[in-house]
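See structure below.
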Amino acid sequence: MARSSQQLFDTLDIVFLGTLGLGTIAWFARHQIADKLFKTGAKPEIKATDARTGPPKKERNFVKVMQQEGRRVIFFYGSQTGTAEDYASRLAKECSQKYGVSSMAADIELYDLSYLDQVPEDCLVFFVMATYGEGEPTDNAVDFWDLVSEETPQFSGNDSDEKPLNNLRYVAFGLGNKTYEHYNEVIRKVDTNLKNMGAKRIGERGEGDDDGSLEEDFLAWQEDMWPAFCEAMGVDENSAQSGPRQASFRVEELGEYDQDKVYHGELSEWLKEGARIVYDAKRPYNATITSRELFKGGDRHCLHMEIDISNTNLSYQTGDHIAIWPTNNEIEVERLATVLGLADKLDTIVHIKAIDAAASKQFPFPVPTTYRAIFRHYLDICAAVSRQTLMSLVEYAPTEKAKEDLKKLASDKDAYRIRVGDVTRNLAEVLEMLALEESMDPNGAFDTVPFDLIVESVSRLQPRYYSISSSSKEDPKKIAITAVTLDYIPDAASPRTVYGVNTNYLWRIHEAINAMEADVVVPKYSINGPRNVLMDVESKVARVPVHVRRSQFKLPRNPTVPIIMIGPGTGVAPFRGFVRERALQKKEGKPVGTTVLFFGCRNSQQDFLYEQEWPELFETLGGESRIITAFSRETDQKVYVQHRLMENGQEMWDLLKKGAYVYVCGDAKVMARDVNQTFVKFAQQFGELEEDKAQDFVKNLRNTGRYQEDVWS
């Protein structure tokens with residue numbers, strides 16, 4: 001037996017050394033291999049009739065692409081929800097059209113950033129990077145993040161050089177949310193690491209706060225950035241050729257066309273016959289969904305929905321997020337079509353393609369398609385229109401007064417805030433408002449606006465993310481979410497209601513699959529989907545396009561570790577999954593640590609989420625595990641979860657000293673901050689620490705992963 005084992009190890013040694021040798025060769029030859037793999041030669045134009053074939057593979061050496069296309073500036077974006085991508089595209093457009101410097105926007109995951117050391121000194125690289133969650137890079141920026149985070153990053157040239165990026169000049173702008181501890185962590189680390197490697201930043205690093213001021217932060221940063229850019233590139237505003245606006249997209253109405261080749265809202269291009277299907281953010285899966293109401297009475301709704309991902313490559317872990325791709329409501333589809341003079345052409349087939357061959361996306365969405373599909377499925381027409389978009393429309397205003405009004409909204413921050421930002425007026429609503437103020441018929445009032453400008457200016461409709469409220473160990477192929485329908489009146493002086501895009505879409509699905517009478521107030525949605533693939537009316541089976549996004553919001557690996565969860569309202573969603581998973585582990589005979597949940601809502605008789613589930617779950621867990629509730633509308637003085645947390649301070653402090661993990665989910669502006677401060681008070685009161693030391697104590701919990709948040713504004 002010993003001899004046999006020795007022979008086996010000898011064989012394994014040979015295999016291992018051989019593999020190691022091949023791996024070493026592959027590492028040093030990686031760029032030559034990549035060039036061979038991704039070299040495409042001439043890139044044939046993809047015609048509308050060739051939409052099923054898909055685009056050719058791209059060259060991954062971005063420096064080579066820039067040289068071939070004659071570009072001096074490249075705008076890389078790391079984007080999770082599409083905003084960073086939108087900003088990069090806007091910057092690239094201004095770079096080319098206002099300053100006359102050839103540029104391109106690029107998805108950072110499509111290129112090999114180890115070629116940063118080859119960027120010519122007369123070129124410039126922009127990094128527009130969003131921070132996701134607790135200081136994490138977006139999904140498409142992970143490879144770049146790993147590269148620049150290495151102790152000794154490996155670039156394409158002399159890897160032994162201590163300052164391998166001496167040649168690189170760059171500009172940096174980050175998108176983050178101040179409600180998170182690690183605000184704009186990604187762009188800050190990227191900036192620091194690039195400078196440490198010898199790169200030179202042009203201008204100041206910009207940081208935008210998604211908690212209300214992102215657009216204004218972005219515009220304010222540009223005021224100083226563009227002068228620094230001009231100095232670095234040796235240009236000014238007079239460098240660009242004068243003349244009319246240069247279109248970014250070519251729009252062609254096709255007339256009669258084979259309907260089998262028209263996209264009516266499909267989110268990804270058709271695959272070649274026989275191709276393997278991989279569902280992800282670029283190709284969502286149309287998953288079957290079931291739904292039930294959680295609230296009892298009242299005029300609010302909260303849905304528990306279960307999404308079936310069986311027989312797909314999709315998987316999830318407890319604590320992850322699921323993305324649901326929404327549809328715009330029919331009122332807003334009709335409103336925008338009407339004001340642009342397209343109401344009678346909604347089903348006209350159009351083909352849209354980028355004029356610039358080096359654009360980050362040749363097609364903004366699957367084409368050929370129709371105006372109706374574009375408004376319903378592809379563009380985010382319900383979002384508040386940006387000041388920059390309004391400025392781009394000024395020259396197309398139908399009257400001098402409309403032109404002046406548009407210019408005022410675009411240039412006057414306060415006027416914009418009062419009439420657009422604070423009340424969430426979308427593009428169509430603003431144009432309709434201006435038309436009515438001049439007693440004009442809104443129908444076709446702005447039919448002079450080129451449609452390519454609409455495609456260029458209005459962001460792509462993005463998925464909405466939900467904390468998963470189920471346990472993957474309990475049911476790995478069924479994902480639950482907990483969603484409150486959103487609607488509000490932003491201006492008390494006006495009866496106008498703003499409706500959440502996705503939650504009201506989900507409500508309409510809920511009505512259909514449960515054979516309910518339709519709510520006459522909620523806007524109508526086309527829940528059948530393109531080619532009726534999302535709804536079987538007879539069987540009442542509905543589907544929604546989904547994909548899964550990984551999260552760092554995870555239970556401790558060791559189930560004996562105590563956990564403290566604070567989740568009022570729908571913030572309880574991930575904790576339902578946590579508690580169910582721990583109860584399952586306890587049933588399996590595993591030791592499980594103390595599990596405490598603080599839950600709050602308005603009224604125990606109306607919005608106590610999962611009220612029927614908790615008793616059995618916590619009885620299974622036993623010991624000191626329990627749910628502690630706060631019902632804010634049942635007492636003279638409102639009581640919230642942070643108050644209940646303080647009432648149980650000594651016990652929570654004792655759990656922390658035993659290594660407990662803290663999890664917070666829900667509102668970031670008030671609740672999450674108050675909870676954080678409550679734990680600081682624990683450290684002061686029970687740990688006898690000075691305030692600065694108490695702050696450090698909680699910060700250390702965060703840094704070691706023992707204090708985690710999944711919060712939103």
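Placement of Cβ uses the backbone N, Cα and C atoms for every residue, glycine included.
Residues or ranges marked as FMN binding site by TrEMBL: 79-84, 130-133, 175-184, Asp210. Within its own chain, Gly82 (FMN binding site) has Asp380, Ser459, Arg460, Gln462 as residues 6 or more apart in sequence whose C-beta sits under 8 angstroms from its own.
Annotation for Gln642 (NADP(+) binding site): same-chain Cβ neighbours under 8 Å, separated by at least 6 residues, are Ile566, Met671, Asp674, Val675, Thr678. Taken from TrEMBL, the feature NADP(+) binding site covers Arg300, Thr570, Ser632, Arg633, Lys638, Val639, Tyr640, Val641, Gln642, Asp674.
The FAD binding site feature in TrEMBL is assigned to Arg464, Tyr465, Tyr466, Ser467, Thr482, Ala483, Val484, Tyr488, Gly500, Val501, Asn502, Thr503, Trp712. Using a 10 Å radius centred on the Cβ of Tyr466 (FAD binding site) and all shown protein chains, the other Cβ atoms total 25.
Among the features that TrEMBL reports, domain 'Flavodoxin-like' is placed at 73-226.
TrEMBL lists 282-556 with the feature domain 'FAD-binding FR-type'.
The transmembrane segment annotation in TrEMBL covers 12-29.
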**OP:** Enter the number of other CB atoms within 10 angstroms of the CB of Ser632 (NADP(+) binding site).
**Re:** 16
Subject >> Where the record names Arg464, Tyr465, Tyr466, Ser467, Thr482, Ala483, Val484, Tyr488, Gly500, Val501, Asn502, Thr503, Trp712 as binding FAD, the maximum Cα to Cα distance in Å >> reply: 22
**OP:** Among the binding-site residues Ser79, Ala130, Tyr180, Ser632, report those whose Cα falls within 10 Å of that of Trp712 (FAD binding site); none is a fine answer.
**Re:** Tyr180
**OP:** Taking Cα atoms as reference points, rank the binding-site residues Asn177, Arg464, Asn502 by distance from Lys638 (NADP(+) binding site) and give the first.
**Re:** Asn177
Subject >> Most Cβ neighbours inside 10 Å, all chains, among the binding-site residues Gly133, Gly500 >> reply: Gly133
Original post:
Near Asn177 (FMN binding site), which residues of its chain come within a Cβ-Cβ distance under 8 Å, counting only those 6 or more away in sequence?
Top reply: Thr131, Tyr183, Asp209, Asp210, Asp211, Ala668, Ser713
Original post:
Which chain-mates of Thr482 (FAD binding site) that are at least 6 residues away have a CB under 8 A from its CB, listed by sequence?
Top reply: Leu294, Cys302, Leu303, His304, Tyr466, Ser467, Ser469, Thr570, Val572, Ala573, Arg576, Leu609
Original post:
Over all shown protein chains, what is the count of other CB atoms within 10 A of the CB belonging to Asn502 (FAD binding site)?
Top reply: 24
**OP:** Inside 10 Å of the Cβ of Tyr180 (FMN binding site), count up the other Cβ atoms and send me the figure.
**Re:** 20
